[in-house]
Each structure stands twice: as C-alpha cells, then as structure tokens.
Amino acid sequence: MRVALVVDIVRQEEKLIAKALEKFQLQYDVINVAQEPLPFNKALGRYDVAIIRPISMYRALYASAVLESAGVHTINSSDTISLCGDKILTYSKLYREGIPIPDSIIAMSSDAALKAYEQKGFPLIDKPPIGSWGRLVSLIRDIFEGKTIIEHRELMGNSALKVHIVQEYINYKSRDIRCIVIGSELLGCYARNIPSNEWRANIALGGYPSQIEVDHKLKETVLKATSIIGGEFVSIDVMEHQSKNYVINEFNDVPEFKGFMLATNIDVAEELVSYVKNNYLR
C-alpha cells in the first residue's frame, strides 16, 4: 500500500501530513508537480491514494485528473477541485439544493457589473469566481470605487477575472467561521476574527483564530453542503447572517489548517491520514 503526497510548494501543512504518514507507518512518495512531469500511463497506478496538496488550483486539478486516469483514488477528486475552485459553480450547486449563500448577482461585463451594483446597493462585495486568500475581493462603498475596480479587472489577462460576483456585504459579529470536514465527519470549526486594520477575516491577511461552540444548525448546514460538493477533505467558510442564520461563502479543496489547529488543538494531519488508512489502505 502506497500513498502519493502531491505538492508544488511544501508548507507547514504538507510537512505535518508527511509526519503523520510516517507515524502511521505508511509508505509514501512526495510528488512535486512544479518539478516533475506527470505522464498518462499506468505506472502511476502503483499508488492506492493520492493526497492532493498543490497551492495552484490548476496544478491540483490536473494532477488529480492524471492520477485518476491511472486508477488512483485522489483526495480530493478532480470533480471536487473543479467545483471548489470556481465560486460560481459552487454557489450554483448549493443554491439549487437550498443551501443558504450570500445574496449574489453574476455580471459578465463592465456594463453588467454597473447594473449589478445599482441593483445590490452599497456597500457591496465584488469578487472574481477564482482566487484564494482574499485576493481581488473588494469592498465597494460607492460607484466611484466600483468603476475603479471594474477598470482594473478589465485589464487583467485571465477572462475569469473579468467576471464579477456582486454580493451583499455581511459583517455580522466581525468574523467568519471556518470548518473542516473529513469524509462525512465535521472535524470542528473556529472563528476567524477580523483585525483592526482589515475588513477581511483571512488568516493570511491578519485574521486571528478563536474557539467557538458548534451548534446543531452550523453542523447540519456544513455537512449538507459538503455532501452536495462531494469533498473528502475540505474546509468551508461560513458567515453568520442576521436573517439567514448561516450562509456558505466558500469551499476550499486544498485546505490550510494552521489556524484551525491553533484554535481547536485538533491534529488535522493525523485525522486525515487516519481516515486514509482506515478507508483505503486496509
């Protein structure tokens, strides 16, 4: 039984996963897709499971797809990565199944974005369908800021960045909630608190973690949403809403978990490797 740990940049999380694989005495290889090519051949089938960890969404997606072609079980699957990597696709799946999401309008041109701003009213959020760590997520307080954002986005080469997700601005309790699910189990949740010099709660932007109590509604919402998206190891960003209770804002298919471990004292890497061993390496 052998595991592939697929990376492009080795962060603390990947080091912890490797350490857990060694602790559980599982044979594994690290495949760095930023340095090594992945051929379409059956030789990759020597791996029973691949843990997909590239930072780049496209590297993660394509690595998962190539390994799947050789019969390798990937965590996460290319289908899951594709869904999580595009916020519009994520919202579409969730909204169809009745999962609360932020009120959103999709605008596919500059003119459409201006009309969406008018419909939504200020302040509002404008973000592209792709991206992580809060990049290009804009809080727009008036039409002048909005026009500036639209002009800048139009100059970007990637067509997806010219698509606008225009959303209500939610700032209830000045925090958001991040949860981690492994398999069908909610591992836990913690709050990401907005720092004084930011309006976003991302840990990468200075947000700081704290413990929270997970109530039944939060657990129910997160697990139902995860069953729709289909991820085996995902983090879910949740916002507390004054009228909707909990809304799902985003799924992450290659979850970072330093902040989660700090807030909850749960060893995520060991939980993940235990799940892999118990479900796929018996």
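Using the three backbone atoms N, Cα and C, a Cβ is placed for every residue, glycine included.
If you check Swiss-Prot, you get these features:
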{"type": "BINDING", "residues": "Lys87, Lys127, 131-137, 167-178, Asn202", "note": "ATP binding site"}
{"type": "DOMAIN", "residues": "91-277", "note": "domain 'ATP-grasp'"}
{"type": "BINDING", "residues": "Arg192, Ile203, Ala204, Glu256, Phe257, Lys258, Gly259, Phe260", "note": "substrate binding site"}
{"type": "BINDING", "residues": "Asp237, Glu250", "note": "Mg(2+) 1 binding site"}
{"type": "BINDING", "residues": "Glu250, Asn252", "note": "Mg(2+) 2 binding site"}
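For Lys258 (substrate binding site), the spatially nearest entry among the binding-site residues Arg135, Ile170, Glu250, Asn252 is Asn252, judged by CA separation. For the binding-site residues Lys87, Arg135, Asn202, Ile203, Ala204, Glu256, a Cα to Cα distance of within 10 angstroms from Glu250 (Mg(2+) 1 binding site) holds for Lys87. Annotation for Gly259 (substrate binding site): same-chain Cβ neighbours under 8 Å, separated by at least 6 residues, are Arg178, Tyr190, Arg192, Ile203, Gly207, Pro209.
According to DSSP, Phe260 (substrate binding site) sits within a helical segment. Taking the C-alpha positions, the distance from Arg135 (ATP binding site) to Ala204 (substrate binding site) comes to 10 Å. Annotation: Ser132, Asp237 are the binding-site residues among Ser132, Gln167, Asn202, Asp237 whose CA atoms are within 10 angstroms of the CA of Asn252 (Mg(2+) 2 binding site). Of the listed binding-site residues Ile203, Ala204, the Cβ environment within 10 Å is emptiest of other Cβ atoms at Ala204.
A sphere of 10 angstroms centred on the C-beta of Glu250 (Mg(2+) 1 binding site) encloses 20 other C-beta atoms. Sequence-distant contacts (6 or more apart, same chain, Cβ under 8 Å) of Glu256 (substrate binding site) comprise Arg11, Glu13, Ile203, Ser235. Cβ neighbour count within 10 Å across all protein chains ranks Lys87 highest among the binding-site residues Lys87, Arg135, Lys258. For the pair formed by Phe257 (substrate binding site) and Asn202 (ATP binding site), distance between Cα atoms is given as 12 Å, rounded to the nearest Å.
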